[in-house]
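Features as listed in TrEMBL:
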SIGNAL    1-24  signal peptide
TRANSMEM  215-233  transmembrane segment
TRANSMEM  240-257  transmembrane segment
TRANSMEM  277-294  transmembrane segment
TRANSMEM  306-326  transmembrane segment
TRANSMEM  332-352  transmembrane segment
TRANSMEM  364-386  transmembrane segment
TRANSMEM  392-412  transmembrane segment
COILED    413-465  coiled coil
DOMAIN    489-622  domain 'GGDEF'
């Protein structure tokens, strides 16, 4: 059984890797006053996300022929048939940054934009993510996509769900987009997700891979649910598998009815009123189920009273799904998100107690819960429009969490089985020779453990240290950054590159080149302070992390480093007068989200030094 779940875990890893492949490579183009300029865009740059300035005509449904040509107005109250308000998409129109006073969540609007300097030899495609709650999209004068019926009132409108992919074919150099969006069924209305346009083949592949990606997650979750329910029927005393089976089933349903909706593609689309209730229901039932599972596994750390209180609180929004219209219960999204965060806190505190009490298998639970919490918080940010143009992660968080629960359960059973076997073995041993054998075996194990520990220490050094230079390798350096980011220190990051290193290798050979890197690394290590980090990023590139240093101190450090490097003597190995380096620096408060950005900033200004004559340094400026 444990082997079977190990294989399922491997499949989950492959699915997560596959989902990274299925994510479309998107870029942006220049956007000014509702115009997206493709003059600098190349087909190999990938799809373009049309997030930026669009014209909005509140409470109007303009045909493509009724486009306004005058300057934008400041607010919808001043708008006429020939003027528009400029807003930044994606957004819902009831946000405070769209209009003052706030617009209502229900209503309709026309959004307009122009794509200029489009390559005419590209066959275009378009992905229209789900909008709230109906739309009609024109390209020039032709309707190319519709979601539901975008009407002027509730009676003339019909909501929809799910993403759409549209083939546009070849487009003229200047193309107009006219987008009708209506909402009379949801608390918040508007185009809250950006359109993506790009080469047809690439977008089609992305859409198909994403659909296949979701279908794999759905299938795996259904299989896990079936496997667990069979286990429950084999042993009805095992309530844990029943709860876990229900949790897996909810995962399958939720993933199957969101985004590209693979479940609907197989079984048919539900009416929107049923769809939105099912979507909220899967979100609201899952938290009490998770706490109930925690109680069955660790009753001392999760009381039944806590679960009752949580269930009572969640019962109210669940009941609202059956008695209130969608435009009312969807207003509860923000309070529901607050409840979810509260449940995360309760479950997290329970996990901490499990860990502190050294319960077996707690490591797996903490890992799975951490992934789930990250994905939930990410998706809350997406729904709250704090993050834009980002896919929902909850499917993979739920699947990873489900796997961690299953592994924990099987781990505990395996440990119980081992304990029983160990006790049985001890009962069979009843002679004096056992003590001697046990003592001898203990000594052997201790010797092997010491040898293994020594080997592991050596392997750890080999895994983290660059063999040539003795500094951290790229992976270990990045791991150090990730560890330090938890305390958010003020740091300076230096990207350093040896000038004309290829010429040194070509003229004097790679052996001399290796010595150059070794002696340069020795300089870095000699100048290293206690909390600094030195890493080789590949080839002749190095990175230095300086903590607690001012801008003036960083400037002094760079000058001193340049001077010391110029004085390195290589006369004993080659007729090399010396070397110089180019340094790019950036300063910031380090956190988990800006590691890659800081590396890119330092790299960018380092190459500016290269272009300016080398043998110098430059600080990144925002």
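FYI, residue positions are counted from 1 along the chain as it appears here.
Just so it is clear, glycine is given a Cβ too, placed from its N, Cα and C backbone atoms.
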Original post:
For the transmembrane segment (277-294), which stretch among 215-233, 240-257, 332-352 has the most Cβ pairs under 8 A?
Top reply: 240-257
**OP:** Find the average pLDDT over the domain 'GGDEF' (489-622) in the predicted model and report it.
**Re:** 93
Original post:
For the transmembrane segment (240-257) against the transmembrane segment (215-233), do we get 3 or more Cβ-Cβ pairs below 8 Å once near-sequence pairs (under 6 apart) are dropped?
Top reply: yes
